[in-house]
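J.: Have a look at this one before I ask anything.
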Amino acid sequence: MSAAAPRLVVGLGNPGAEYTETRHNAGFRFCERLADKLGVRFSHESRFHGFVANARDAGVWLLMPQTYMNRSGQAVGALARFYRIAPAEILVVHDELDIPPGQLRLKFGGGLGGHNGLKDTSAHLATNDYWRLRIGIGHPGDRNEVVNYVLKPARREEQGQIDEALDRALAAWPMIARGEWNAATTRLNARPAALK
């Protein structure tokens, strides 16, 4: 398992006001909150196909691709190549259907779980070996409803649980920033008491 501190944090989502509050944009929401925590602002960088922020003090880039979910890898690959960031130094934050709202999973590598943003990212990085922070959004119960489900806002109770999960993820950021992945994984993957 990689022990490198992250040099790039990518939040996956879709651009445009109509998608801002959707379940699929959980990764964007994490990146926006992390930027606030680090005191940096995003600016649009066309060469990287997205909104980019450089937290120089933390030694990390933040990226929100503006390519739509299915082409996220175009932005990730462009920034990673330009700054010579290895896949093991990348953390991709995304929504996860197979995890209930309010729960998180931090992991390195592995399968893509049918997530099109991850599929494209892996294609552009030519590997699955990068860190992922999976933000649970729950499953609609019917696979035919998935597209409609992820492109709608969460119900109020679910959104509260997702927001609490984002708060826990931000609280673990100092560990992640130091490359203390095992400690961060233990902390983030634990089921919150309120959901037990």
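Glycine too: its Cβ is placed from the backbone N, Cα and C atoms.
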J.: Swiss-Prot has Tyr68, Asn70, Asn116 down as binding tRNA; which of Tyr19, Tyr149 does it also list for that site?
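T.: Candidate in the recorded tRNA site: Tyr19.
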J.: Out of Asn14, His24, Asp95, the recorded positions in the record, which is closest to Asn70 (tRNA binding site) when you go by Cα distance?
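T.: Closest candidate to Asn70 (tRNA binding site), judged by Cα separation, is Asn14.
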J.: According to DSSP, does Asp95 (site 'Stabilizes the basic form of H active site to accept a proton') fall in a helix, a strand, or coil?
T.: strand
J.: List the residues of the same chain that sit at least 6 positions away from Asn14 (site 'Discriminates between blocked and unblocked aminoacyl-tRNA') in sequence and have their Cβ under 8 Å from its Cβ, in sequence order, or write 'none'.
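T.: When sequence neighbours closer than 6 are ignored, Asn14 (site 'Discriminates between blocked and unblocked aminoacyl-tRNA') has Thr22, His24, Asn25, Tyr68, Met69, Leu151 within Cβ distance under 8 Å.
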J.: Once near-sequence residues are set aside, which residues in the chain of Asn116 (tRNA binding site), 6 or more away, have Cβ atoms under 8 Å from its Cβ?
T.: Met69, Asn70
J.: In whole Å, how far does the CA atom of Tyr19 (tRNA binding site) lie from that of Asp95 (site 'Stabilizes the basic form of H active site to accept a proton')?
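T.: Taking the Cα atoms only, Tyr19 (tRNA binding site) lies 13 Å from Asp95 (site 'Stabilizes the basic form of H active site to accept a proton').
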J.: Secondary structure at Tyr19 (tRNA binding site) (DSSP, helix/strand/coil)?
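T.: Tyr19 (tRNA binding site) sits in a helix per DSSP.
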